[in-house]
Amino acid sequence: MRHGDISSSHDTVGVAVVNYKMPRLHTKKEVIENAKNIANMIVGMKQGLPGMDLVIFPEYSTMGIMYDRKEMFETATTIPGPETEIFAEACRKANTWGVFSLTGEQHEEHPHKNPYNTLVLINNKGEIVQKYRKIIPWCPIEGWYPGDTTYVTEGPKGIKISLIICDDGNYPEIWRDCAMKGAELIVRCQGYMYPAKEQQIMMAKTMAWANNVYVAVANATGFDGVYSYFGHSAIIGFDGRTLGECGEEENGIQYAEISLSQIRDFRQNAQSQNHLFKLLHRGYTGIIQSGEGDKGVAECPFDFYRTWVMDAEKARENVEKITRTTIGTAECPIEGIPHEGKEKEASV
């Protein structure tokens, strides 16, 4: 793992993350113009970072947040579509891979159902090689139709890549799912705003450590008239240490080289902190010394996960017992979100 140079090598993947300024757009024409700006940025970045193999832009960077529902449906796109064609041409021209946000992608039953919040991974030939739909939209605010699975794709120089989006990353399950599928780099594109800056910085580092995986975070910056975005796009080593991190500057860029051989050697040979291996070989030292084989215990010890897999409604019932039974809360009502009880009277 290296930071500070502009190069890369046969063993390292050059990764750039962009603190893209959150756009405030309203029409398809404005979206296309912004996509062209992103494309021009890619070509310029490659000139300054000749080792760049992969460039990552934040959630909402292409379309911004359409706070108007009508505008959200009017600007929802298809994949492939005009935006991805612009990005594909830029990736070919710059000879680099890219991760791009489409908010939103038209639902199969468009316009009768809400769009998806989608990322695409485009290779240096301009081909879309992964399309990921956000599994856990940021409720109650986001109205995206939820996706249902994660993916792993072989990326530049053979590194295995998974994509996740913003609020997805608050749930350890999604990181573990990607890592257990073989991901070596988990890309988290986010449009995260204050006040959750410190929590999100910690989450990315912790999940890198817990899953023995590289993490690249691209976050928005600026103020779009509603939210203020904190940036801090970063590249994090599989040991949880930050290789490079932006501040809050608009359109700031960080760059690092992540080693293929180092992560693969670690996963093969590390012992006390090899979290992926140890989870499925629990207590192997004690099992060996007890004469019960040399593999440890593989069975899942966690009641919640067993219940969730075998009886999702029962798992939901259990969580409602310790939280609440309605989607909304009368203490802080949000329009369109059902709740029980009277609204809390405002204090005088």
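Just so you know, glycine gets a Cβ as well, placed from its N, Cα and C.
Quick look at what Swiss-Prot annotates:
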DOMAIN    13-260  domain 'CN hydrolase'
ACT_SITE  GLU59  active site, proton acceptor
ACT_SITE  LYS134  active site, proton donor
ACT_SITE  CYS166  active site, nucleophile
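A distance of 10 Å separates the Cα atom of LYS134 (active site, proton donor) from that of GLU59 (active site, proton acceptor).
The 10 Å shell around the Cβ of GLU59 (active site, proton acceptor) contains 30 further Cβ atoms across the protein chains shown. Put simply, the residue listed as 'active site, nucleophile' is 7 Å from GLU59 (active site, proton acceptor) when counted between their Cα atoms. LYS134 (active site, proton donor) falls within neither a helix nor a strand when secondary structure is assigned with DSSP, and so counts as coil.
Close to CYS166 (active site, nucleophile) in the fold, though at least 6 residues off in sequence, lie GLU59, LYS134, TRP138, ARG188, CYS189, GLN190, GLY191, TYR192, each with a CB less than 8 Å from its CB.
Across the domain 'CN hydrolase' (13-260), mean pLDDT in this model comes to 98.
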